[in-house]
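Features of the protein shown, as given by Swiss-Prot:
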- His138: active site (ACT_SITE)
- Asp169: active site (ACT_SITE)
- His357: active site (ACT_SITE)
- Glu385: active site (ACT_SITE)
- 56-57, Arg91, Arg94, 96-97, 132-133, Val136, His138, Lys140, Gly152, Tyr159, Arg167, Tyr273, 305-306, 316-317, Leu320, 323-324, Lys359, Asn374, Arg378, Leu438, Ile447, 450-451: CDP-1,2-diacyl-sn-glycerol binding site (BINDING)
- 27-224: domain 'PLD phosphodiesterase 1' (DOMAIN)
- 239-451: domain 'PLD phosphodiesterase 2' (DOMAIN)
Amino acid sequence: MLSKFKRNKHQQHLAQLPKISQSVDDVDFFYAPADFRETLLEKIASAKQRICIVALYLEQDDGGKGILNALYEAKRQRPELDVRVLVDWHRAQRGRIGAAASNTNADWYCRMAQENPGVDVPVYGVPINTREALGVLHFKGFIIDDSVLYSGASLNDVYLHQHDKYRYDRYHLIRNRKMSDIMFEWVTQNIMNGRGVNRLDDVNRPKSPEIKNDIRLFRQELRDAAYHFQGDADNDQLSVTPLVGLGKSSLLNKTIFHLMPCAEQKLTICTPYFNLPAILVRNIIQLLREGKKVEIIVGDKTANDFYIPEDEPFKIIGALPYLYEINLRRFLSRLQYYVNTDQLVVRLWKDDDNTYHLKGMWVDDKWMLITGNNLNPRAWRLDLENAILIHDPQLELAPQREKELELIREHTTIVKHYRDLQSIADYPVKVRKLIRRLRRIRIDRLISRIL
């Protein structure tokens, strides 16, 4: 059993977090990507004071164009609006994985700026590390006036369900002046005005090697840049705590670590990529040993955004969903006893050829973590991540919380035995060969740390 002292240490961490009081009527849950798109467009069109869009990317496709056009239109209608977009510096200047870097998102931002003279919608490129593989802007949240529309989604056709296919995420709108001010000021001070951050809608922007030293210093500064605010809520009322972090010792990571053992009945986790840091796996095993329930909802390998159908040309990146499945199979084989007793429930999400991008945690009925953090080594060490921790001690959000989980579970099947998952021997020949080659040179471990 977890000693009283240790449990108190975890609970103490949560109790001491500064909390901002939140009205239950000012929290909206959305349950589908199309609703998220419509809400975002409505909020942009009705904004009175500020629009700050932060995302990994804003893609040059129908979905992304709809958003950028709406931002230009809002600025044209109300020139006094403070409108800004922040995306990852490296991601914006390359093609999609496996495609050449011609006509990139950054080129599109430049064209939009040239086609709209006198309408300033700055797009800032944020370099979290000198190379994309070593860290990206994974901070989430669209701050519009006194609201934060929060999702792990980026902005493109599938995330916005612009056409047939969708990528499933979580979507919440929180109206809270204090929290939106804290997030807006932090983004302005620590990201927008950060060294190494340059406008992508400027054709004369520097090349990455020219700002390498600035990027390194910027990353160092971000490690120490937490939100600083006084809470105004106690531990008995509905509250929100914004969190931000870069690096394994961040307050966000510490909070995730302390949140899990506070489950008295049940912990539920969603992640699209099953590659949990060892420290979180230990937390899960400890909960199971104490008789607590753990539910993990992950995407089926075919619902992974890196999955390549067998009838399409194979690329190395297409091995990733199989590596995640190997991780899950290994995890389940260790814990099959708890699967047999229904104490550990693992669900695989699959809905036709749509993809799964959900992340977050639910601890009992009282805590909810909404985040873009994939709960993997990459999120733990390399990317700039953030989250909003919701404390609901009076269960005021219970109906929405239950509905959200019910809908997430709708397209899932429960894994009853680790052998229900394919083993390497069952994989397509090219995948099998690649994985065995990676294992021979021990590079699979390195890959798991950066993916």
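Using N, Cα and C of the backbone, Cβ positions are placed for all residues, glycine too.
Where Swiss-Prot records a feature, it is marked here on the structure.
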residue: Leu56; record: CDP-1,2-diacyl-sn-glycerol binding site; contacts (Cβ under 8 Å, 6+ apart): Val87, Asp88, Arg91, Val136, Leu137, His138, Ser154
residue: Tyr159; record: CDP-1,2-diacyl-sn-glycerol binding site; contacts (Cβ under 8 Å, 6+ apart): Pro33, Gly63, Ala153, Tyr166, Arg167, Asp169, His357
residue: Phe306; record: CDP-1,2-diacyl-sn-glycerol binding site; contacts (Cβ under 8 Å, 6+ apart): Ile317, Gly318, Leu320, Pro321
residue: Glu385; record: active site; contacts (Cβ under 8 Å, 6+ apart): His138, Phe139, Val244, Gly245, Leu246, Ser250, Leu252, Thr371, Gly372, Asn373, Ala379
Other CB atoms within 10 A, centred on Asp169 (active site): 24
Model confidence over the domain 'PLD phosphodiesterase 2' (239-451) (mean pLDDT, whole number): 95
Three-class DSSP secondary structure - Val136 (CDP-1,2-diacyl-sn-glycerol binding site): coil
Where Asp169 (active site) falls in three-state DSSP terms: coil
